[in-house]
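Chemist: Before I ask anything, here is the structure I am working with.
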Amino acid sequence: MYVDPMNNNEIRKLSITAKTETTPDNVGQDIPVNAHSVHEECSSNTPVEINGRNSGKLKEEASAGICLVKKPMLQYRDTSGKYSLSDFQILRTLGTGSFGRVHLIRSNHNGRFYALKTLKKHTIVKLKQVEHTNDERRMLSIVSHPFIIRMWGTFQDSQQVFMVMDYIEGGELFSLLRKSQRFPNPVAKFYAAEVCLALEYLHSKDIIYRDLKPENILLDKNGHIKITDFGFAKYVPDVTYTLCGTPDYIAPEVVSTKPYNKSVDWWSFGVLIYEMLAGYTPFYNSNTMKTYENILNAELKFPPFFHPDAQDLLKKLITRDLSERLGNLQNGSEDVKNHPWFNEVIWEKLLARYIETPYEPPIQQGQGDTSQFDRYPEEEFNYGIQGEDPYMDLMKEF
């Protein structure tokens, strides 16, 4: 069923219980989905306006994430040189940013649609994002989960690096949230539950995501989520000191430059739930530095329409006391999943995608439909140039 996202009353008032079908759509299959905007990176603490939202990011100000205890490293899948530009047709631009673009492409071999993320090497080096770029490739080469984007391969020329990703037709959760203004409690709960399972999976592999927000959550053709943009994701078995993220969502321990662990994702998870329910984040201020002050010191307040269980969960996620933050305690993500707000969620069914979604994107053209993405001016691209590459040693894995 399709619904009008402009009308909250028409979003399905779902109870998060199982579908009646014996098998869910696309389970066990590779779903051809997902593209996302290349978000701007800040060269200072000044926020950048993207899609009408203050979504500036902080650059890395420490050299590398520091792990205090050595653990066996993850096994990365080799993705380099798996494809070349000649394997695809570039159809249109899906998103732009200071690093490059995301294009809708079509394979010349199997006819399927993909998203091609292009990043300019010169800009990556200039903005000191080499480590983040390499980490993004590494983390995406590890993960495999129903609610996380899939990267199929990478390649490069002398000026760009390229990542071939799933194309997700349904667009950003951010767009749906802005059209809806805010989500009813059951709808926010559905998306939060799927995000919770994705975070649980990442943390089981000692991966911190560090940039959870509606812009980085895509909806597939059936309305299930796909977390994308792993530009700040990192393998951290213990703690790290890297300063990065999106201001409204950054945990206080990151703002105060203290060592931190996976608990920062659970803080951001709480902020995400709050924004879905309220339509705004709890500590927002048009002045970014004031936002940071609010994160460190302001009282967490709730609109009167928040369900009591939602308030209780958010108090236990958006807490500065790490010894009380859900997800960071002895039982990890189980404490979050067992909270009363999630009582009716059947987690096994949700993971298997048996649960009916509250919203199905109005995709009319099938695979390759771009109606849920903004239009961008198309330019002449100098892709595929071979020649002297001063940055080859910095991005060998592409």
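Each position is counted from 1, following the chain as shown.
Every residue, even glycine, has its Cβ placed from backbone N, Cα and C.
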Chemist: Looking at Ser15, Ser141, Ser175, Ser256, which one is marked phosphoserine in Swiss-Prot?
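Modeler: So the answer, going by Swiss-Prot, is Ser15.
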Chemist: Hey, which of Ser55, Ser333, Ser371 does Swiss-Prot call phosphoserine?
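Modeler: Going through Ser55, Ser333, Ser371 one by one, Swiss-Prot flags Ser55 as phosphoserine.
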Chemist: Taking Swiss-Prot at its word that Leu94, Gly95, Thr96, Gly97, Ser98, Phe99, Gly100, Arg101, Val102 bind ATP, choose the one of Lys82, Lys117 listed for that site.
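Modeler: Answer per Swiss-Prot: Lys117.
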Chemist: So, in DSSP terms, is Val102 (ATP binding site) helix, strand, or coil?
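Modeler: Strand, per DSSP.
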Chemist: Need one number: mean pLDDT over the domain 'Protein kinase' (88-342).
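Modeler: Averaged over the domain 'Protein kinase' (88-342), the predicted model reaches a pLDDT of 97.
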Chemist: When secondary structure is assigned with DSSP, how many helix, strand and coil residues does the domain 'AGC-kinase C-terminal' (343-398) contain?
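Modeler: Helix, strand and coil residues of the domain 'AGC-kinase C-terminal' (343-398) number 8 helix, 1 strand, 47 coil.
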Chemist: At the level of the C-alpha atoms, what whole-angstrom distance separates Ser98 (ATP binding site) and Asp211 (active site, proton acceptor)?
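Modeler: Taking the Cα atoms only, Ser98 (ATP binding site) lies 18 Å from Asp211 (active site, proton acceptor).
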Chemist: Cα distance, Asp211 (active site, proton acceptor) to Gly100 (ATP binding site), nearest Å?
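Modeler: On Cα coordinates alone, these residues lie 19 Å apart.
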Chemist: With DSSP assignments reduced to helix, strand and coil, which class does Asp211 (active site, proton acceptor) get?
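Modeler: DSSP call for Asp211 (active site, proton acceptor): coil, neither helix nor strand.
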